[in-house]
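Colleague: I'd like to ask some things about the structure below.
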Amino acid sequence: MIKAIIGKIIGTRNDRWIKQYKKQVLTINALEPTYEKMSDVELQNAFEELKKRVRSTEKNLQEKTLLEVLPESFAITREASKRILKMRHFDVQLIGGMVLNDGKIAEMKTGEGKTLVATLAVALNALKGESVYVVTVNDYLAHRDSKEMEPLYHFLGYSVGTITASVRDDDERLEIYSKDIVYGTNNEFGFDYLRDNMKYSLEHKVQKSHAFAIVDEVDSILIDEARTPLIISGPVDRRMENYNKADEVAKSMQVETDFTIDEKNRTILITEEGIKKAENLFGVDNLYKIENAALSHHLDQALKANYLFFIDKDYIVANNEVVIVDEFTGRLSEGRRFSEGLHQALEAKEGVSIKEESQTLADITFQNYFRMFSKLSGMTGTAQTEATEFLEIYNLEVVSIPTNLAIKRKDLNDLIYKSEKEKFDAVILKIKELHDKGQPVLVGTASIEKSETLHALLKKERIPHTVLNAKQHTKEAEIIKDAGLKGAVTIATNMAGRGVDIKLTDEIKELGGLYIIGTERHESRRIDNQLRGRSGRQGDPGTSQFYLSLEDNLLRIFGSDRIKGVMEKLGLKDGEHIESKLVTRAVENAQKKVENLHFESRKHLLEYDDVANEQRKSVYKFRDELLDINYDISAKIAENREYALNQIFSKLKAFDHQNLSEEELLGLKNVLKEDFNAHVELEDLEKASPIEKFVAEKLKSDYENKMKVLDSEQRSRIERIVYLQILDNAWREHLYTMDNLKTGINLRGYNQKDPLVEYKKESYNLFLEFIEDIKIEAIKTFSKIQFENEQDSSDAERYLDNFSEEREHESVTYRHEETLDEDLNVAMKAFSKTPKRNEPCPCQSGKKYKDCCAKSGPKKGLFAK
């Protein structure tokens with residue numbers, strides 16, 4: 001109340017921003033007569049001068065220069081638009097362009113020309129010479145907007161590209177991203193970023209920078225889709241026959257002759273005879289060539305499966321599946337699988353079907369993808385209700401832009417009925433009345449199910465209508481455009497048709513414009529406002545009204561008792577409704593509660609993803625270093641060798657490594673043979689002093705002797721790609737482990753432990769293990785690589801080229817779907833303060849806390865049924 005009074009006296013923060021922007025508008029308008037007099041060539045030359053000025057400025061000062069040239073850039077862009085598009089930017093659109101350039105969100109009502117507004121900020125920021133991304137919610141809008149604005153951009157000397165799901169060719173994508181301005185969907189931009197970080201050449205990466213992005217329908221992308229990460233997943237190993245072949249080879253090998261078993265350390269060491277036998281059975285000349293790395297790995301796992309793991313002790317076979325027996329509890333660990341191909345090796349051993357595991361190869365949330373941009377801005381018709389979240393999560397201020405013409409739409413109070421049947425009966429009557437009159441009506445529903453229900457009722461009444469939901473998404477734009485025709489009745493889910501204007505004829509305006517009927521309040525006020533905003537564009541007349549019932553989800557869970565009591569006191573009969581500002585306010589308060597719950601939920605999930613994001617950035621940075629031909633990969637390998645040896649010697653019992661027992665020396669000899677392919681005689685180890693130096697020099701000389709057949713360029717290339725392969729495999733395994741950790745961490749909340757703290761702690765330890773695994777695995781792999789002659793090195797290069805090509809084009813699945821993180825949120829609620837007795841139960845059953853979890857504790861599966 002006090003805040004509102006102060007706002008009226010001195011103006012709100014938004015008012016002060018608009019006042020500042022209006023001063024700039026006067027400056028831009030003053031330049032209009034000058035540019036109007038110029039020929040097309042003169043106008044283009046003037047814009048080229050701005051490009052030269054900005055690009056000649058030092059990079060860290062370019063933003064300052066952009067602000068200096070903003071009036072000229074906006075004025076030239078407006079003049080060019082008048083000539084090319086026959087559209088002149090209004091003053092309020094100039095304000096919108098400045099808001100976007102400042103890295104804020106421009107809240108502009110439907111029909112205010114957001115597509116044209118974007119051209120001002122895009123043209124200005126593209127002066128720097130870095131690609132500007134314009135992000136939309138679907139392929140149709142990306143294609144439409146880019147094609148409509150392309151002539152303007154071409155006039156200004158810019159190239160334009162559009163990324164859609166239909167662009168499959170990598171070279172074509174690379175070409176599109178080389179353009180000055182790139183339109184595309186949020187999904188395509190996000191997936192391309194992930195794909196870039198799976199490439200084996202810097203030249204193949206399509207996104208060269210993340211300088212500036214304008215996100216259209218920013219609330220939909222950064223709020224509604226914030227909880228659904230982009231995931232690229234794929235099979236762990238596509239060649240399932242390798243497991244069966246390796247199992248055959250392992251079963252044919254003899255203990256002591258072909259391999260030895262170290263039961264104490266649960267390891268197996270293949271002898272020279274065993275290697276020869278395996279090479280013969282696999283049909284290869286050298287098991288440890290790069291191209292045979294997968295076979296040697298499968299053989300290692302098959303030997304472990306056959307000689308170290310035993311049925312009814314380590315695992316059982318049930319229902320054609322291998323089920324792990326927990327070594328500590330003796331219980332079955334259903335759903336768990338051994339990693340690194342061991343589980344598949346056991347399946348091959350037992351003759352059951354081998355499961356091709358699908359695991360996460362790369363993932364990112366939109367929150368973390370878009371926060372990478374140096375400057376980010378957005379546009380939408382509805383952002384103020386989520387202003388706090390935009391600021392806290394993305395550091396984006398929301399600025400409400402005044403409309404060019406006053407809004408004439410009438411927003412009527414909600415009508416509330418006792419039952420859903422009564423509500424729908426009233427809706428059908430209203431639709432029939434409007435249809436008979438010829439006034440177009442757009443009916444918003446909360447789900448496909450409800451739209452189908454309404455469709456059946458209208459069909460029964462023989463009222464012609466069109467249904468728009470996920471089943472007809474390909475016709476979305478066409479259906480929405482026709483929603484303003486005389487007598488049109490359109491049923492749509494609340495989010496349908498965003499970005500498509502419903503234009504009205506003068507006849508329709510005389511009839512009262514587009515009539516909006518909402519059949520249910522959404523959990524978010526913003527979605528309701530979007531539905532209302534379909535009507536009343538650019539000063540058009542229109543009406544909106546919501547029809548509710550006590551059986552609606554929102555009213556059933558929040559506050560329906562009070563409203564129900566009012567209805568009973570009034571003695572309302574079937575079919576009658578109540579209409580009151582107090583009731584409407586009660587519904588909006590219920591929505592605020594739900595919005596706050598969702599905000600806290602998204603904030604918690606982001607805190608979890610931030611942990612993984614820091615790890616992701618670190619890995620991707622190192623990956624880019626490896627891709628750089630100037631990176632000293634040999635020094636990295638030497639560093640890893642030193643680390644691996646330190647780990648080995650640190651595990652030896654004797655403090656003085658010069659006085660190792662014969663058993664320890666024998667163990668060291670076996671480790672050097674098994675892990676590093678180093679043949680060292682026992683007497684040489686006994687005589688060595690200091691032993692660490694002897695072993696280090698032995699491994700180094702063995703490696704350098706192997707690499708002599710390669711020239712420096714070949715060596716660097718092979719080392720970099722092999723290291724990338726090791727890094728990628730380890731990263732995939734790490735993501736798999738992190739997924740498992742996240743799945744189980746939610747239960748800690750019921751033990752009064754903060755799941756987030758536990759997750760941070762354990763994920764950090766896992767990341768340290770991941771780094772250690774890379775170092776150890778790298779040196780093991782490089783130690784086992786063999787090049788006997790130049791032909792071997794050429795074969796290796798060809799293999800690596802094919803491997804890189806296959807990896808970049810491997811069969812993967814792209815997912816952008818709801819995650820199972822609801823459990824996480826419920827756990828957080830369990831950890832946080834207990835709700836009051838009469839508050840809604842946090843398990844979302846719709847009951848009060850005292851009648852639900854307060855009595856019985858959280859329901860099985862965390863959700864009440």
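Each Cβ is built from the backbone N, Cα and C atoms, and glycine gets one as well.
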Colleague: Going by Swiss-Prot, Gln93, Gly111, Glu112, Gly113, Lys114, Thr115 bind ATP; tell me which of Asp501, Asp506, Asp528 is listed for that site too.
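Modeller: So, going by the record in Swiss-Prot, that would be Asp501.
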Colleague: Using a 10 Å radius around each Cβ and counting other Cβ atoms from all shown chains, which of the binding-site residues Gly111, Gly113 yields the largest count?
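Modeller: In terms of Cβ crowding, the pick is Gly111.
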Colleague: Compile a sequence-ordered list of residues in the same chain as Thr115 (ATP binding site), six or more apart from it, whose Cβ lies below 8 A from its Cβ; state 'none' when nothing qualifies.
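Modeller: Asp145, Glu148, Met149, Asp216 - these are the non-local Cβ neighbours of Thr115 (ATP binding site), listed in sequence order.
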Colleague: If you measure every Cα to Cα distance among Gln93, Gly111, Glu112, Gly113, Lys114, Thr115, Asp501, the residues said to bind ATP, what is the biggest one in Å?
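Modeller: Maximum Cα-Cα distance: 17 Å.
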Colleague: Within 8 Å of the centroid of the Cβ atoms of Gln93, Gly111, Glu112, Gly113, Lys114, Thr115, Asp501, which other residues of that chain place their own Cβ, given that this set defines the recorded ATP site?
Modeller: Met108, Thr110, Leu116, Val117
Colleague: Name, in the order they occur in the sequence, the residues of the same chain whose CB lies under 8 A from the CB of Glu112 (ATP binding site) and which sit 6 or more residues away.
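Modeller: For Glu112 (ATP binding site), the qualifying residues are Val92, Gln93, Gly96, Gly381, Ile401, Thr403, Asn404, Arg537, Gln538.
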Colleague: Which of these binding-site residues has the least crowded Cβ, counting other Cβ atoms within 10 Å: Gln93, Lys114, Asp501?
Modeller: Asp501
